[in-house]
Amino acid sequence: MSLTIKIEFGGGLELLFSNQKSHKIEVPSKIPARERSESERAVDLQYLIFWLRDNLLKERVELFIENGTVRPGILVLVNDTDWELEGEGEYQLKDGDEIVFISTLHGG
Amino acid sequence: MAPRLCGLCDNARAILKRPKTGQQICKDCFFYVFETEVHNTITQAGLFHPGDRVAIGASGGKDSTVLAYVMKTLNDRYNYGLELYLLSIDEGITGYRDDSLETVKRNQQQYDMPLKILSYDELYGWTMDRIVSQIGKKNNCTFCGVFRRQALDRGASMLHVDHIVTGHNADDIAETVLMNIMRGDIARLGRCTLICTQGEDTIKRSKPFKYAYEKEIVMYAYFKKLDYFSTECIYSPDAYRGHARVFLKDLEASRPSAIIDIIHSGEAFELKDEVKVTQKAQQTCKRCGYMSSNELCKACTLLEGLERGMANAGVTDRGRKKLEAEGPAPENLRTIPMFQLPNPNNGPSTTISLEASA
């Protein structure tokens, strides 16, 4: 089983992802257990961030991820809502979700 | 998780957590509070008077794009009675500024404001592309910063406006406070938190977004679907500011009020009198008439260095001495046209060359 997720990059972040703003991706709906003591768990935003790094990111990972999450200064929206209202990395993805990442670190 | 309701109207679904207050608010309330806070900043500081001619320093980036939109909105909503202009500086950076200027030209249409573009090439005879090809990427931000500041004033003078507003936001100001503390730049530390700066013979500059968080500016642009340009300058950004910025973002992640707290710290510093006396008095540049703390303004010094093939002359003391040892500036040296303060009274009668509306 997999989930279809729409990804949007903005504010210059798209430059790290083949200069493409819009992506449609499929991620597994469950995160496989890494150890025997662990059970499978539903896929969350935290997992998605690492999935993007491993599957979609083309360059300069340090501009996207820092200390296990997105770099400070990157805004994340879940279906057009600030991820800070949705539990941030713990938000459980649903089929058809739209996740937006916007960098605020560019000049203006 | 059930959707949270807006903490202000208690009616619609919250879409944003405000970094300043931690409040959770809906889209309409967000637009309303963001715009109203900028309006309050403007009225409390008494920034404008009816009939003022005001230029918005527009780069095509997020801050100035949102500023142009909000200034237009507030001018209409509260009848400020301002004549608004867009003023853009073309540094001559191929693949960067030429693209962002396209955004400004679209803003001109979208916001129905006259646009003036002034280029480094036209004013100084040098584009940033050519400067970088001569001096490399080491000190090019010094040239660009000094040249841009003076170009904005000169552009404002051409538009006969006496007031420039810029998109500097709370994050930018907090960064500058940190940088000035780290450099011990006491004179700038005092100035950098002022919402409005004006000397006797300078054009007024103000920052209506002084208290607006970058996060909210970007969210505002996103939810309003504003058209802005976001690419890093190709000539390596100001590295020192970059460090201050990353440090500030880390602080904000652990405590969102850090940004406003740092601005407050900057405001609260008090200068001892014996520190103040070491600061140089302002004068006018003997070559171009622009305000300066030396006989020659920084832009004239930098330009002379470029023209005489000793670009370091304006950057380091050693370079300066070397230039002086070479003798006085040649008579046919390229110089910057004489600077004149705008006279708003004769504004409309003079022809201003503006960008044609396509």
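Indices start at 1 and increase along the chain as displayed.
Glycine is no exception: its Cβ is also placed from the backbone N, Cα and C atoms.
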Per TrEMBL, what member of B:I89, B:I93, B:I195, B:I203 joins B:G57, B:A58, B:S59, B:D63, B:G167, B:D172 in binding ATP at one site?
B:I89
Could you check the binding-site residues B:A58, B:I89 and say which one's CB has the most other CB atoms within 10 Å?
B:A58
If one looks at the chain holding B:G167 (ATP binding site), which residues at least 6 apart in sequence have a CB under 8 angstroms from its CB?
B:G57, B:S59, B:G61, B:K62, B:D63, B:S64, B:T65, B:V66, B:L67, B:K207, B:F209
Listing the binding-site residues B:A58, B:S59, B:D63, B:I89, B:G167, which lie under 8 Å (Cβ to Cβ) from chain A?
B:S59, B:D63, B:G167
Under a three-state reduction of DSSP output, how is B:A58 (ATP binding site) classified: helix, strand, or coil?
coil
Note the mean pLDDT of the domain 'Cytoplasmic tRNA 2-thiolation protein 1 C-terminal' (B:283-312), expressed as a whole number.
88
Does anything in the same chain, at least 6 positions from B:D172 (ATP binding site), have a Cβ under 8 Å from its Cβ, and if so what?
B:D63, B:E214
What whole-number value in Å do you get for the largest C-alpha pair distance within B:G57, B:A58, B:S59, B:D63, B:I89, B:G167, B:D172, the residues recorded as binding ATP?
20
